[in-house]
Amino acid sequence: MGREERFPVWEAALGAGVAAAFAAGLVGVYLSMPDSDYSFLKLPRNLEELQILTGHLENYTSDYTLQVLVGYCAVYIFMQTFMIPGTIFMSLLAGALFGQLRGVALVVFAATAGASSCYFLSKMIGKPLVFTLWPDKLSFFQKQVAKRREKLLNYILFLRVTPTLPNTFINLASPIVDVPYHTFLLGTLIGLIPAAYVTVRVSFYLQIRCLPACCPALCFFVANTNSSFICPYCHAFRLELLLES
């Protein structure tokens, strides 16, 4: 009984320690930047806020590239670790600030690192949370992993590129159903590339607007993880609808 009482304290202490480590990194980045007004620094929740943040950060990226990279990765990994929504905006930001190839590489690295951090945190303290939030999904996932044990990498890749199960759930549940970390890591690293490419590519069209009527004649469609579609010509309209849904 005493052990059960101590567990929440251990859980809270570990979570607080991880959060403190990320906070210390961000403070270090902040202290290394020049004196200025940084009131614009906040997590974007819509395209307008994203464009404002991008406009300000572009002024710093060329002169303080390392600090911006470290700060970006720390925020992205923190959001992935603690399941904070909004990483799609962070992926769009990477493309706008660093270009297509470097943006994709940065998103894949940060997303994989965040997923790994979430994996290990869940392995230590996540079982009660997953059993509480997704008992049915966990039972389904456990059966599928057991059935596909010999080709588990293929299954993880399939999950990463399709909306069969939410990525947050996969990150949290994988250590609980005994998915080996090397399989989880490789499946995540490769499986996130298509979604990262599409999202970063979309960032290049954020300034373009067109009427929805143009879509049937002018655009091709790329399926995203929510089974909706992004138009490379009028994606902003469709992306806003997707993010509001």
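Including glycine, each Cβ sits where the backbone N, Cα and C put it.
TrEMBL has this to say about the protein:
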{"type": "DOMAIN", "residues": "84-200", "note": "domain 'VTT'"}
{"type": "TRANSMEM", "residues": "12-33", "note": "transmembrane segment"}
{"type": "TRANSMEM", "residues": "69-98", "note": "transmembrane segment"}
{"type": "TRANSMEM", "residues": "104-122", "note": "transmembrane segment"}
{"type": "TRANSMEM", "residues": "152-173", "note": "transmembrane segment"}
{"type": "TRANSMEM", "residues": "179-200", "note": "transmembrane segment"}
Notebook entry, point to check: With DSSP helix as H/G/I and strand as E/B, how many residues of the domain 'VTT' (84-200) fall in helix, strand and coil?
Noted result: 97 helix, 0 strand, 20 coil
Notebook entry, point to check: When you scan the chain for residues with a C-beta under 8 Å from the transmembrane segment (69-98), skipping those not six or more beyond its ends, what do you find?
Noted result: 15, 18-19, 22, 25-26, 28-30, 43-45, 49-50, 53-54, 57-58, 61, 104, 106-107, 109-111, 113-115, 117-118, 121, 168, 171-172, 196, 199-204, 206, 243
